[in-house]
Amino acid sequence: MQSGDLSELFRVLDLTGVFANAILGGLVARQERLDPIGFLTFAVLSGLGGGIIRDVLLQHGPPVALTDYAYLLTALAGAGITYVANVSGPLWDRVWPVIDAIALGTWAAAGAQKSLSVGIGWLPAILLGTITAVGGGAIRDIVTRRVPSVLGGNTLYASCAIVASAVLVTCTETGHPTVGLAASTVTGAGLCLVARWRGWMLPDADAWSAPRKVAAKAGLDRARREKIARALQTRRRSGDRRKVEGEPTDPEEER
């Protein structure tokens, strides 16, 4: 596949991600019982928010969402569909995670690639690739007064974007940017789908503190048992000494 063909395919996948996340934003708007303006707002925030944040931070021209009409029109189309149709049910519940995973992989790759193209380092490129992938959903959750789902309590998502961005950066730095686009997209999408399937999650604070609490309690109980054992041993020795010397012994000790 030629580089131009791959770039065009990548753009199609990128727009598919915009469309999918715009619909996810529309579904949230439906849950909140918003009007058409609310649907449009949530679709644009969810579908384009991450890319806009990236472009603003890079300060390298206006955001692509404002210069390429295909992005904005795709987000508006997602809002319109969710407003007039109920895209939910068992079938859709299987389809949207797949599209969302593909979007995560493509956005992470796109964000990291654009960051490298303007001359910033590899670590900020990974960061901006991750922001591109998860920023829109985080903004959507904040507007609805929810803790962003990417911050925890769900299967791996932001972690998948970090890995995908790292793959793109590695391939680009080693002279294989075209391979990096495909590899990072497949890696991010595949890891996200496997995490959903297997229920992989990062451990929370309680998961780390619970073993320490158990270990501390076990250590305390062991110290108490040792203290009691030493006290009993001391009393036995004291009783034996009194018997040898002919001193009266405590009836309690004899029992």
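Along the chain as shown, the residues are counted starting at 1.
In case you wondered, yes, glycine gets a Cβ from its N, Cα and C as well.
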Inset, instruction - Select from 70-90, 175-195, 196-216 the stretch of residues annotated by TrEMBL as transmembrane segment. - result: 175-195
Legend entry - Intrachain neighbours beyond the transmembrane segment (37-57), with Cβ under 8 angstroms and 6 or more residues off its ends: 17-19, 21-26, 28-30, 63-66, 71-72, 74-76, 78-80, 82-83, 107, 110-111, 114-115, 128, 131-140, 143
Inset, instruction - Sort the residues of the domain 'Glycine transporter' (12-85) into helix, strand and coil with DSSP and give the three counts. - result: 63 helix, 0 strand, 11 coil
Legend entry - Residues in the domain 'Glycine transporter' (98-171) grouped by DSSP into helix, strand and remaining coil: 59 helix, 0 strand, 15 coil
